[in-house]
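Asks: What follows is a structure written as structure tokens; I'll ask about it next.
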Amino acid sequence: MLTLYKDQFLACSIPCNLFSQVGSSMASLLYTTLMLIALISSPAICLAFPGFSFGWGVGSGSGGGEGSFGSSGDEPFGGGQGYPGLFPEFYSLSCPQANDIVMSVLESAIAKDPRMAASLLRLHFHDCFVQGCDASVLLDDSAMFASEKNSGPNSNSIRGFEVIDEIKSKLEEACPETVSCADILALAARGSTVLSGGPNWELPLGRRDAMQASLNGANNNLPPPNSTIQNLITLFRRQGLDEVDLVSLSGAHSIGMARCTSFKQRLYNQDGNNQPDSTLEMTYYNDLKTVCPQTGGDDNISPLDFESPARFDNTYFKLIMRGKGLLTSDQVLLTGNVEETMFLVKAFTEDDALFFDQFARSMVKMGNINPLIGYNGEVRKNCRMAN
């Protein structure tokens with residue numbers, strides 16, 4: 001039976017007899033330490049549980065605040081998950097305007113190109129699945145390594161680098177050498193979701209940037225669009241993500257477009273027998289053939305969710321239920337005969353709020369994949385190259 005975990009609250013408490021159990025000098029040191037923690041953290045919530053109800057991590061955005069966009073309201077989803085060393089208030093003293101700057105750039109960029117929201121969300125995903133959430137995906141070729149941008153899954157596919165550059169430039173003006181490119185990707189992914197009508201969530205921050213990329217990792221760890229359900233499960237488990245995360249994060253395909261080359265196989269030669277994928281609904285199949293001919297047209301694009309391509313909602317799952325998932329990796333969530341993924345597709349189809357909540361939780365979980373913290377890595381001055 002599949003269980004979706006609800007919020008769990010853990011209050012900070014100090015045993016009354018704690019100070020009586022240690023010497024006076026030790027008690028003084030402990031008291032000072034606790035007071036310092038109290039000064040830099042929420043007065044009511046333990047720093048060790050950064051995902052729960054920290055105000056700054058949500059951020060106001062510009063033009064009325066993130067809560068004013070979409071259907072998530074003022075209350076963030078997905079609380080209760082954190083990673084030691086990451087917490088939403090990380091920049092509250094060093095760069096309190098960081099999220100406002102990110103949101104200001106995003107609002108302008110998405111207004112000009114609605115596709116950009118999906119592109120920035122995808123950048124964060126493609127970053128985290130290769131050696132962790134460390135902004136390695138942003139690095140250009142250097143004498144020391146080949147860029148992940150050259151990998152099969154990324155070449156002529158991922159986009160949005162200029163928007164990240166603009167955010168970084170504005171943050172460097174306001175708070176030099178403070179906000180990492182890895183955190184910019186995480187903030188941009190959340191902001192893009194909110195601006196598209198999706199959920200808000202408490203975002204742990206404090207990631208640092210890698211100084212090298214992994215072309216091999218990008219080629220081997222990113223799920224291809226023609227993945228079987230078992231391949232998807234394997235690649236997600238490799239990152240510490242389960243079937244719940246797989247289905248909820250696949251819901252990012254509620255927005256954005258895909259190139260013909262990523263679904264052409266489904267139309268003309270799904271199983272090596274020159275036949276289409278039998279799970280494709282026939283009318284949808286015929287429509288796709290006009291966009292994606294058997295010869296040529298590889299760069300033609302089609303929306304992943306053709307009913308609401310620029311709005312983040314649960315229509316993606318409704319389309320899968322009707323045999324109208326665009327990619328093989330979308331449709332197999334239902335047709336792959338894995339009980340958990342089938343159950344979740346149906347559950348998210350029926351309950352938009354459930355999808356929003358689990359998507360937020362899974363985004364936080366994905367954002368916690370092997371971050372560089374403390375003195376590991378660096379804070380790049382230019383996201384395209386190491387310092």
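Using the three backbone atoms N, Cα and C, a Cβ is placed for every residue, glycine included.
Keep in mind that TrEMBL annotations are predicted by a computer and have not been checked by a curator.
The shown structure was predicted, so the numbers you read here are calculated from the model rather than taken from an experiment.
From TrEMBL, here are the annotated features:
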type	residues	note
ACT_SITE	H126	active site, proton acceptor
BINDING	D127, V130, G132, D134, S136, E148	Ca(2+) 1 binding site
BINDING	H253	heme b binding site
DISULFID	C95-C175	disulfide bond
DISULFID	C128-C133	disulfide bond
DISULFID	C181-C383	disulfide bond
DISULFID	C260-C292	disulfide bond
SITE	R122	site 'Transition state stabilizer'
Asks: How many Å separate the Cα atoms of C260 (disulfide bond) and C95 (disulfide bond)?
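Replies: Roughly 42 Å, rounded to the nearest whole number.
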Asks: Just the number: how many Å between the Cα atoms of R122 (site 'Transition state stabilizer') and H253 (heme b binding site)?
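Replies: Answer for this pair: 9 Å between alpha carbons.
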Asks: Tell me which of the recorded positions V130, C383 sits in the most Cβ-dense spot, judged by other Cβ atoms within 10 Å.
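Replies: Neighbour-count leader: V130.
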Asks: In whole Å, how far does the CA atom of C128 (disulfide bond) lie from that of E148 (Ca(2+) 1 binding site)?
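Replies: Answer for this pair: 12 Å between alpha carbons.
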Asks: When a 10 Å sphere is centred on the Cβ of C181 (disulfide bond), how many other Cβ atoms does it contain?
Replies: 30
Asks: Same chain only, sequence gap of 6 or more: which residues have a CB within under 8 Å of the CB of S136 (Ca(2+) 1 binding site)?
Replies: D127, V130, E148, A210, Q212, A213, S214
Asks: Sort out the sequence-distant neighbours of C175 (disulfide bond) for me: same chain, 6+ apart, CB within less than 8 Å of its CB, listed by position.
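Replies: In sequence order, Y91, S94, C95, Q97, A98 meet the Cβ cut-off.
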Asks: Specify the nearest of the recorded positions H126, G132, D134, H253 to C292 (disulfide bond), where nearness means the distance between Cα atoms.
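Replies: The smallest Cα gap between C292 (disulfide bond) and any of the recorded positions is with H253.
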Asks: Could you round the CA separation between H253 (heme b binding site) and H126 (active site, proton acceptor) to a whole angstrom and send it over?
Replies: 14
Asks: Which residues, same chain and not among D127, V130, G132, D134, S136, E148, have a CB within 8 angstroms of the centroid of the CB atoms at the recorded Ca(2+) 1 site?
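Replies: Sorted by sequence, the hits are H126, C128, F129, Q131, C133, A135, V137, A210, A213, S214, G217, A218.
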Asks: Calculate the distance in Å between the alpha carbons (Cα) of C383 (disulfide bond) and G132 (Ca(2+) 1 binding site), and round it to a whole number.
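Replies: That separation, Cα to Cα, works out to 16 Å.
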